[in-house]
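In TrEMBL this protein carries:
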- 12-32: transmembrane segment (TRANSMEM)
- 91-112: transmembrane segment (TRANSMEM)
- 124-146: transmembrane segment (TRANSMEM)
- 172-193: transmembrane segment (TRANSMEM)
- 205-228: transmembrane segment (TRANSMEM)
- 240-260: transmembrane segment (TRANSMEM)
- 266-285: transmembrane segment (TRANSMEM)
- 292-313: transmembrane segment (TRANSMEM)
- 333-354: transmembrane segment (TRANSMEM)
Amino acid sequence: MTPRPAGPPDGSWGWVVAAAAFAVNGLSYGLLRSLGLALPDLADHFERSAQDTAWVSALALAVQQAASSGWALVFAPSLGTLSRYFSRRRVLAVGLALTGNGASSLVLAPALQFLLDNFGWRGALLLLGAVTLHLTPCGALLRPLVLSGDPPSAPRSPLAALGLGLFKRRAFAVFALGTALIGGGYFVPYVHLGPHALDQGLGGYGAALVVAVAAVGDASARLVCGWLADQGWVPLPRLLAVFGALTGLGVLAVGMVPATGPEDSWGAPLLAAAGAYGLSAGSYAPLVFGVLPGLVGVGGVVQATGLVMMLMSLGGLLGPPLSGFLRDKTGDFSASFLVCSSFILSGSFIYLGLPRALPSCRPASSPAAAPPPESGELLPVPQFALLPTGGPDSTC
């Protein structure tokens, strides 16, 4: 029998898994971010309001994540498998995989506008559906990895298989509540950033540029934040709370800053706000999944990833329709982004209840009482993740 490795290999086939997760993220959430450009055409064709058309993206997001169908069948396994291959460079690897979102948005936003202009919304969606078939070979690259910390047998009860027992851990329960609130506002720019730019007077390609600028900031920030988090200079929960709050402020800026100038202008103020939002949202994304092994252990990270997606989908189901409703009532998206930013800021405040989210100077637990690395009982600083039991004398 082949012995199980003591810990994640921190590379090896993991880089192939990272490449597959990059493509999966680009063909799922990157596509979802660009679909907002098609909502005005859908609203005109079906003679529906912005609130009604927002349900298209909201229901797609919620069904695929909460019901584990559609894109969730590849996204959750790809991120969960990737986290099992890395330890010291885990957040960087997750950030690299999640840059697929921004990279594909950079290409798909103008491409979708071109398809809408030349083939209509029906032809554009058919062509995008054909592109997403490339998810199939990505799933074939996800090679399972068995680690020494895994349970000896698979859970038999449905509740255990779903990982619902993770909610018994206080840290994960706090994380779950904060993540669900943030999900209520996090996906609103995915759906309404393009329509908001159109409402502000920008043309179709000007709105696509706003989406693309947010995507560039998003993609670059995921890599930088992943590298920063893996250095261990700042505990992951603290970074999670900080960048979550900055994401809320970025959403608020997008809603408050107008795009001035005629229709053929580039809308510099809105472009700057979209870029700031992309940087903050991109920094937040890898931390959400990178912090999970410290909360639940490597053995439960796949289940935890699925639960996180479900929690964010609950907020994502309500956020875009609420944003559309406020737009119908007020005539623009300013109030929508204001309300949705409040959800994100509230969730970031709840993150402060996580261990090490707030600075403190006190003696650490004795080495004998410390849990094994990545057992999920504590949130270890990344560079100590694979060291033997023990650690520094104090934490601050």
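Cβ from N, Cα, C; glycine included.
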Quiz item: Given pairs 6 or more apart, does the transmembrane segment (12-32) have at least three Cβ pairs under 8 Å with the transmembrane segment (124-146)?
Solution: yes
Quiz item: Which range out of 124-146, 172-193, 240-260, 266-285, 333-354 gives the transmembrane segment (91-112) the most CB pairs under 8 Å?
Solution: 266-285
Quiz prompt | Sequence-remote partners of the transmembrane segment (172-193) [C-beta within less than 8 Å, at least six residues beyond its ends] | solution = 29, 32-33, 35-36, 39, 50, 54, 57-58, 61, 166, 210-211, 214, 244, 247-248, 251, 254, 274, 277, 281, 288, 291, 295-296, 304, 307-308, 311-316, 318-320, 322-324, 327, 333, 336-337, 339-344, 346-351, 353-354
Practice problem: Give residue numbers and ranges for long-range contacts of the transmembrane segment (266-285): same chain, 6 or more residues beyond its ends, CB-CB under 8 A. | Solution: 95, 98, 101-102, 186, 189, 193, 197, 200-202, 206, 209-211, 213-222, 224-225, 239-240, 243-244, 246-247, 249-251, 253-254, 256-260
